[in-house]
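Enquirer: Take this structure first; my questions come after.
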Amino acid sequence: QWDPMITTLPGLYLASVGVVKPAAWLFGWTGSVVCSAGMLRFINLLFSAGNFYLLYLLLSKIHQKNKAVSGFQRILSTLTLAMFPTLYFFTFLYYTDPGSVFFTLFAYLMCLYGNHKTSALLGFCGFMFRQTNIVWTVFCAGNVVAEKLNEAWKTELQKKKDEKISSRKGSFSELIRILRFLIEYLMSLKNLVTLTVLTWPYIILVMVFLVFVFINGGIVVGDRSSHEACLHFPQLFYFLSFTVFFSFPHLLTPTKIRKFLLSLRKHPVQYSLLAVISLFLIWKFTYVHKYLLADNRHYTFYVWRKIFQRHELVKYVLVPVYTFAAWSFADTLKSKSIFWILMYFVCLLAVTVPQKLLEFRYFILPFLIYRLNIPFLSLYRQLLELAFYIVVNAVTFYLFLNKTFQWPNSDEIQRFMW
């Protein structure tokens, strides 16, 4: 039986059958027990336990060269990410998010260990939970490409004996040089063959995705009228603001604010140009989904009503906030190679911009991948972040469980949620 309002592929339901059916056969459970809400929600509890372990393994792998970070800090950071409010809330409901995150993180881990066939297979499982997860398959392939490009770029720098270029990351002349190098590298047939040999499992999966889109006539499988793709560029600004809110111990520090103001003073022309582009994108590409205006169960409804609907100019006034968020976000990633940053940014655009609906659940995976790749904080700031997540989760569960309400045209109980 298929509800036409469901928009994702049946990955969660297939996984549920795969776990619950053998358990029912083994313990002799009846249908009412097997298909109860509690038993189905238990599936997401399993995925969440898996996510905790995967987050720990990913942190250990990504930061393996950082010997200054203690085992306790790794576990603390893992616990914090596992309790990330927008994801943690859905651990206890029957939603696709925990499973979608599980298979995507697992695919990323296998990619980092060089098991690309396994990674692509897990990427397919993630795609079965949510179609937009194909972007994170491209991200895994991009990791491999970025690594190769970085090696070639280092060789190029060594040849020219120009160490100043690598140290002055972020300068405009360096960006032009990198783009020229990128074009030259990708114009070489030998390099393209090498990259294809390394990433062929991901290429096959992307081709399967394109066939699916062609046959299906789009990405969405159910209610297409409510999930139309568009160029909604302000989604990137919403994501950056969301990230600053949930990572304020990393991104909103006095040191960062001082550095940003200094950068602003040094490069007024660049920031002015950035502000003009941002204002134009907000003016021409802001979309307001009907769910955002009508569904008062979700936090985004109140964010939109209390902030953006206060005045027509509010969305423009927030540009300095977005600019700081973007600078702070990029500043925390400066330890990564320029090719990794470019690849992540392309995937971030692909996963956020086409979405018409402002929905915090769409930000879970780009946020987690970002957080996994930034440097560790001091113990005090890590504890502050964890405490903040615990408070947000406690408030969310309190509202969900105790502050129920009813719509005039429905007898069902409604609840506040992400």
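Every residue gets a Cβ built from N, Cα and C, even glycine.
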Enquirer: In TrEMBL, which of 235-252, 361-378 is tagged transmembrane segment?
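Expert: Matching range for transmembrane segment: 235-252.
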Enquirer: Under 8 Å between C-beta atoms and at least six residues away from its ends: which parts of the chain pack against the transmembrane segment (235-252)?
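Expert: Residues packing against the transmembrane segment (235-252) from afar: 84-86, 278, 282, 318, 321-322, 324-326, 328-329, 332, 348-349, 352-353, 355, 358, 360, 363, 366-367, 370-371, 374, 377, 381-382, 384-385, 388-389.
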Enquirer: Report, as numbers and ranges, which residues of the same chain sit near the transmembrane segment (313-330): CB under 8 Å and 6 or more residues beyond its ends.
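Expert: Answer is 234, 237, 240-241, 243-244, 251-252, 256-257, 260, 263, 271, 274-275, 278-279, 282-283, 286, 307, 341, 370.
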